[in-house]
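Swiss-Prot has this to say about the protein:
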type     : residues                                                         : note
BINDING  : Gly15, Ala16, Gly17, His18, Ala19, Gly20, Val127, Ser182, Gln371 : FAD binding site
REGION   : 203-226                                                          : region 'Disordered'
COMPBIAS : 215-226                                                          : compositional bias 'Basic and acidic residues'
BINDING  : 274-288                                                          : NAD(+) binding site
Amino acid sequence: MQTYDAGTFDVIVVGAGHAGVEAGLASGRMGAKTLMLTINLDMVAFMPCNPSVGGPAKGVVVREIDALGGEMGRNTDKTYIQMRMLNTGKGPAVRALRAQADKWDYQHEMKHTIEKEENITLRQGLVDRLVIEDGVCKGVITNSGAIYYAKTVVITTGTFSRGEIIVGELRYSSGPNNQQPSVKLSEHLEELGFELRRFKTGTPPRVKSSTIDYSKTEEQPGDDHPRAFSFDTVEMMLEQLPCWLTYTNETTHEIIQANLHRSPMFTATKKGTGARYCPSIEDKIVRFSDKPRHQIFLEPEGKNTEEVYVQGLSTSLPEEVQREMLRTIPGLENVEMMRVGYAIEYDAVMPDQLWPSLETKLVEGLFTAGQINGTSGYEEAAGQGLMAGINAARKVFEKEPVILGRDQAYIGVLIDDLVTKGTEEPYRLLTSRAEYRLLLRHDNADLRLTEIGHEIGLISDERYERFLAKQRAIEAEKERLQKTRIKPTAEVQAMLKEIGSGELKDGILAADLLRRPEITYDKIAQIVSRETFVTDEIAEQVEIQIKYEGYIQKSNLQVEKMKRMEDKKIPENIDYDAISGLATEALEKLKKIEPLSIAQASRISGVNPADISILLVYIEQGKIAKVSK
């Protein structure tokens with residue numbers, strides 16, 4: 001095919017899903033001339049699976065994206081149809097916001113946001129190859145012969161990468177939702193020497209709302225006072241749509257059991273590795289055969305559609321089996337299926353081939369982000385996309401990459417896990433993966449990351465000033481409570497008795513009283529007068545910082561210890577073969593991962609403390625061998 005020069009840019013982003021839109025917006029807003037290429041302009045920021053944003057760990061990622069200057073939180077606040085704070089009965093480390101989004105409004109709003117950015121060109125096109133010169137990525141070539149040149153390229157092709165949809169015995173080449181897949185780019189990456197692996201994910205059927213008998217289900221309303229994802233959002237929509245809870249039963253399970261031989265999950269037709277934490281209904285009834293029922297949530301996909309997402313019923317069973325099992329579920333006896341559930345297999349680049357900046361080790365100037373890196377979920381994709389876009393733009397401007405630490409953000413945990421440990425299955429972010437999760441809370445994402453967002457140019461001066469004012473207000477209120485003494489008056493004793501807290505024998509500082517588990521900031525406010533108004537947001541922050549002060553200090557000490565290890569950098573020219581005493585597995589892993597610090601090396605699977613000690617001695621003695629040839 002004849003090719004032609006279609007233009008030159010600073011950054012090219014391939015794909016416009018949740019990773020791609022964050023990468024493109026970050027790059028463009030930082031001043032880089034950015035081209036975003038996507039197979040179908042009608043699919044920008046499309047939600048091919050669950051129409052929701054947030055949840056445990058993931059909701060914190062959305063807040064972090066917002067604190068750094070990304071778009072997912074703002075877009076969700078504009079387009080949600082339900083908002084709920086999860087785990088409110090637990091500690092602040094595991095609380096998380098989750099929204100049901102209006103699927104169609106979400107993508108239209110995001111596309112409009114991109115179109116308004118003056119530094120971004122949004123264009124429809126299918127990328128088949130990269131332009132590589134002397135190991136450096138210089139651009140992309142589309143299937144129509146257009147050559148676009150750039151200083152850096154970010155690939156965010158997600159499940160479109162050589163995608164194949166599977167429904168029972170039916171298998172065909174496709175991206176999600178029957179879109180055109182990206183086949184030749186995967187083949188080209190293999191030609192370049194990248195290690196790819198087949199992963200799998202799935203989605204449940206969609207059913208028609210008017211054919212559901214909601215009287216047989218349990219209503220799940222949103223919060224009366226919904227919280228925002230974005231620190232920029234001032235007003236929240238109060239009108240929300242409910243979700244509905246129902247359950248599978250023994251009849252459902254019998255139908256599935258009788259058709260397991262037709263499920264790709266249990267036959268040789270499935271080649272990809274599936275997500276452990278998002279199992280299909282077939283997988284659930286086999287793995288948890290003792291359970292008589294499983295939860296099913298009926299979630300509306302938007303305000304102006306009849307489609308309802310059947311959460312908990314992800315499946316790739318044949319179409320007629322899906323219809324039969326749906327109709328065994330209470331409330332769905334006469335349901336009409338609008339879209340069939342399916343599994344999709346796709347290519348993933350093994351992420352240990354990346355630097356922590358998300359630039360590939362094999363090709364300079366080439367970055368990858370999102371599900372192509374082996375992750376699952378919109379939020380994980382968006383977090384990677386944001387960081388890849390930031391670092392692609394910074395490379396153009398000859399600046400050092402931004403690498404978030406495990407103590408700074410869940411995004412930092414996510415990327416470090418990927419590039420240091422790799423993944424054998426679609427990676428899902430969990431609170432248990434973060435060793436400093438008390439520091440990485442939903443409520444303090446702005447306190448952790450706004451400074452960085454402002455420094456790199458994604459947070460405006462106006463927003464930064466508001467952030468500084470909030471910081472000052474928090475410190476002022478903490479100081480006031482640490483100086484204010486509460487006397488054991490009749491009013492105070494009555495309040496304490498009412499909530500089952502021990503009465504005071506002597507006066508006590510307000511901050512010390514607040515440390516009691518049963519005492520809230522609101523209770524303190526009832527007995528301690530205030531000269532200035534304190535917002536709910538500031539009150540929450542003051543209460544958490546005072547109440548959990550001891551635990552937070554302990555976590556900070558652990559962070560300091562870890563940072564001393566992070567500060568011990570491993571020289572770029574180190575020759576691991578020259579280090580005697582390293583275990584064979586450790587030697588192989590260190591050569592493959594190429595860790596940047598002793599701390600990162602210590603997190604590599606197969607590298608044990610003895611290997612780290614040998615490595616430390618080698619570096620500290622200055623025995624850095626000549627560069628390997």
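One is the number of the first residue shown, and numbering goes on along the chain from there.
For all residues, glycine too, the Cβ spot is worked out from N, Cα and C.
Taking the features listed in Swiss-Prot, we show where each one sits on the structure.
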{"residue": "Gly15", "record": "FAD binding site", "Cβ contacts under 8 Å, 6 or more apart": "Leu37, Thr38, Ile155, Thr156, Thr157, Gly158, Phe160, Gly370"}
{"residue": "Gly17", "record": "FAD binding site", "Cβ contacts under 8 Å, 6 or more apart": "Met43, Ala45, Phe46, Thr156, Gly158, Gly370, Gln371, Ala381"}
{"residue": "Ala19", "record": "FAD binding site", "Cβ contacts under 8 Å, 6 or more apart": "Thr156, Gly158, Ala369, Gly370, Gln371, Ala381, Ala382, Gln384, Gly385, Ala388"}
{"residue": "Val127", "record": "FAD binding site", "Cβ contacts under 8 Å, 6 or more apart": "Val14, Leu37, Val140, Ile141, Thr142, Asn143, Ser182, Leu185"}
{"residue": "Gly274", "record": "NAD(+) binding site", "Cβ contacts under 8 Å, 6 or more apart": "Phe199, Lys200, Thr201, Gly202, Met265, Ser280, Asp283, Ala343, Glu425, Pro426"}
{"residue": "Lys284", "record": "NAD(+) binding site", "Cβ contacts under 8 Å, 6 or more apart": "Lys291, His294"}
{"residue": "Val286", "record": "NAD(+) binding site", "Cβ contacts under 8 Å, 6 or more apart": "Leu260, Phe266"}
{"residue": "Phe288", "record": "NAD(+) binding site", "Cβ contacts under 8 Å, 6 or more apart": "His294"}
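Around Cys278 (NAD(+) binding site), the same-chain residues at least 6 positions away in sequence with a Cβ under 8 Å from its Cβ are Thr201, Gly202, Ser314, Ser376, Pro426, Arg428. When secondary structure is read from DSSP and collapsed to three states, Val127 (FAD binding site) falls in the strand class. Ala19 (FAD binding site) falls within a helical segment according to DSSP. Between the listed binding-site residues, namely Ser280, Gln371, the fewest other CB atoms within 10 angstroms of a CB are found at Ser280. Break the compositional bias 'Basic and acidic residues' (215-226) down by DSSP state and the numbers are 2 helix, 3 strand, 7 coil. Binding-site extent for FAD: residues Gly15, Ala16, Gly17, His18, Ala19, Gly20, Val127, Ser182, Gln371, maximum pairwise Cα distance 18 Å (rounded to the nearest whole number). Looking only at the binding-site residues Arg276, Glu282, the densest Cβ neighbourhood within 10 Å occurs at Glu282.
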